[in-house]
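A.B. asks: Supplied in structure tokens, the structure appears directly below.
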Amino acid sequence: MIILELMFLFFLAALVLGGAVAGSFSGMLGIGGSILLVPLQFYLLTRLGYPPDIALKTAIATALFFTLPTSLSSAYNHSKRNTVLWKKGLLMGVFGFVFSFAGGYIASHLNAAYLSIIFGVVVLGASLKFTTTKNANEDPEKMSQNPIIYAVCGSLMGLLSGLTGIGGGLVLIPLVIFLAKMPLRQAIGTSSATIIFTAFGGVISYIINGIGVEGLPPYSFGYVNLIMWIALVIPGVILASVGAKLSHKLNQKYMRNAFTVITFLVGVGMILKGFLM
């Protein structure tokens, strides 16, 4: 009994800490935070004896659900500082919603090993691109107004978000900086708003495709686990608000580099785990 209680406390503490860290990065960098929560939840669930297939899909779905309230909090704070470009964000969000739903459907029918490798590759590539992206333009007047560019950005972000559980900011921010010449702070703010739509599409997909699946953790709604979500989201929402405020004070270069080191290790770890399954 004592061992079980200690395991539960460790499980809960790890989730609360993970939610706090993910929420901070969500607010500071507009990346959704789930990139850190998928491997954390996957590790915890497999340690509890759940099969990798169930553990990974539950981790992805729950992480996507986590990004909804944290992104709402982050977008609200960025909006107060006029760094959210709502028209462009809504356009990307509509396409992101549709393609995230499709990505969730595909992921629900993939083997966990393939899904883990896909997650690792996306994280690895996007994190490296995130830190090496140079933002030559700081003038909003030079931004592209072509809706096709934003539709493409939203579609790519949505598909990868649904497949991997990554909220989308890690993919979207480099895309809009490179393709649309969007200044970094506007890219971060707009990303936090767009993530709301992509996460919603993916969550709906994972709920629908997870209904009736046997062996899910208790209190699961489809592939979304409500117990883990609550433990993650309470500290996550609080720290997302703090992170959004800090993003306007901290050095962006140091923030990006620190995040890249973490995500690089996460990406490599998930790729190796996929090959070892």
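Cβ coordinates come from backbone N, Cα and C, glycine included.
Sharing the features that TrEMBL gives for it:
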type: TRANSMEM; residues: 28-46; note: transmembrane segment
type: TRANSMEM; residues: 58-77; note: transmembrane segment
type: TRANSMEM; residues: 89-107; note: transmembrane segment
type: TRANSMEM; residues: 112-128; note: transmembrane segment
type: TRANSMEM; residues: 148-180; note: transmembrane segment
type: TRANSMEM; residues: 187-208; note: transmembrane segment
type: TRANSMEM; residues: 220-242; note: transmembrane segment
type: TRANSMEM; residues: 254-276; note: transmembrane segment
A.B. asks: Let me check one thing: do the transmembrane segment (187-208) and the transmembrane segment (254-276) come into contact, meaning three or more Cβ pairs under 8 Å with sequence separation of at least 6?
C.D. replies: no
A.B. asks: Going through 58-77, 148-180, 254-276 one by one, which has the most CB pairs that fall under 8 Å from the transmembrane segment (220-242)?
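C.D. replies: Answer is 58-77, with the largest number of Cβ pairs below 8 Å.
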